[in-house]
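Student: After the structure tokens below, expect a handful of questions from me.
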Amino acid sequence: MHKTCNMCQESSSEKLCDGKKAELLPDMVSLEKLQLSQRQTAQKELENERLINQLKEVIAMNVRWQRYDDQRETYVRKLHAANRELHSKLAATEKTCAELQQQMSRKNLQEERPDLSGSTSPPKDSKASQERSDRTVPFCALDAKFARKEKEIATLTDQIERLEAQIASLQRSEAKRRDDEEEHIALFKAQLEVCMEDFRQERSDRERINAERQCLRQQLDESEQTITRLHQEVADLVEEICWLRDRPSRLTHHYRDPTVGAASPGLTHHYRYYPNSASKNYTKRRGVPETTRRMRAYYGHDVPDQDSVCHLPSDVTIDGEDSNDGVTSPSAVIPTASLAEGDSDALVSIDGGNGKASSLDMTEVRDCIHDLSDEATEEKPLACPLCLIEFPVEKHAELLKHIELCSGDTDIPAD
């Protein structure tokens with residue numbers, strides 16, 4: 001009967017492990033999804049920071065280019081103003097030069113006319129020649145001034161040509177720069193659009209991840225409640241197993257010495273059979289396992305303590321019926337006269353209901369009592385159904401975790 005009880009306990013433990021595995025697998029999947037969503041959120045945040053930094057660099061570069069463009073425009077406007085001023089000076093100089101040329105031409109005509117008149121008439125006196133030389137002095141000054149003006153005109157013309165060449169090169173560089181800026185602006189706009197699209201996508205992903213995280217948190221709370229309930233069930237099952245192991249049979253014994261009296265304890269054993277009877281005052285208590293309640297209802301409330309259970313040797317026979325319907329309670333008496341040191345190993349007899357007797361060594365009785373005390377104080381460890389690794393009863397939570405890890409590669413065998 002004890003062996004059958006152990007087999008039932010092992011089968012119930014394996015079934016409980018199968019149920020726990022089926023309930024804990026969705027919780028593990030939910031935790032993995034939560035960790036994956038957290039990693040994706042961290043990657044999105046890093047990418048968002050990188051894009052924001054790129055956008056700041058682009059804006060700063062655009063500001064620098066705008067400042068350079070403004071400075072270049074100011075310089076070009078100054079060059080155009082200097083060019084216009086030089087053109088006005090050149091026009092004034094050309095006008096002055098034309099006026100001087102007209103004056104010189106008129107003076108030359110006036111000088112040629114007296115010469116023509118003098119060629120036909122006789123030469124005059126020295127006074128006339130003196131006057132003519134006096135008239136030529138201003139013309140020499142005008143010639144020198146005209147030469148200086150021509151040099152200035154040539155210099156201004158060279159400056160104008162250089163300025164025009166510089167303006168042309170600046171216009172070409174400005175056109176090239178504008179083309180480059182337009183290309184950069186188009187590229188920056190495209191990057192900005194990509195950044196905005198990534199930001200919108202990231203925001204939608206963040207909202208979705210937050211929703212999934214909330215859902216996973218709810219599932220995690222439910223899983224924690226399930227785990228707590230399973231731990232309570234495991235604790236109840238462990239209590240039930242301990243109770244079943246400590247009470248393997250329905251036989252108990254009490255010690256009494258008939259020669260001394262009922263008050264003093266002796267070595268006489270009276271075995272009493274507890275029949276199948278329902279308790280009148282039995283009430284179903286919350287937290288007690290169903291099997292334990294059934295066993296208590298089966299044995300009655302007068303179930304003996306764990307120290308009162310005795311395993312008899314195989315050569316001891318007890319007369320009486322052992323059924324569930326009607327049971328005759330046998331009594332086995334082991335009388336002895338004294339417990340002296342010399343008589344500690346004496347043989348005693350067990351009288352059954354039919355009057356038969358059998359010999360029993362007291363050493364075997366003491367060994368039986370010693371084994372009983374060891375079994376009462378010692379708890380049988382729990383074992384994994386896959387790899388048979390044993391765990392203490394108080395570490396049943398570690399056993400559940402080990403079963404989850406052990407069942408990751410292989411399936412738990414069915415009963």
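Note: Cβ is positioned from N, Cα and C throughout, glycine not excepted.
According to TrEMBL, the domain 'TSG101 and ALIX binding' annotation covers 54-81. For 99-134, the entry in TrEMBL reads region 'Disordered'. Annotation source TrEMBL lists compositional bias 'Basic and acidic residues' at 124-134. Among the features that TrEMBL reports, domain 'NF-kappa-B essential modulator NEMO CC2-LZ' is placed at 136-231. Under the heading coiled coil, TrEMBL lists 146-240.
Tell me about the setting of these features in this model.
Tutor: Among residues of the same chain six or more beyond the domain 'TSG101 and ALIX binding' (54-81), those with a C-beta under 8 A of the stretch's C-beta atoms are 163, 166-167, 170, 174, 177, 181, 184-185, 188, 191-192, 195.
For the coiled coil (146-240), the model's average pLDDT works out to 89.
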Student: In the domain 'TSG101 and ALIX binding' (54-81), how many residues does DSSP put in helix, strand and coil?
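Tutor: Summed by class, the stretch gives 28 helix, 0 strand, 0 coil.
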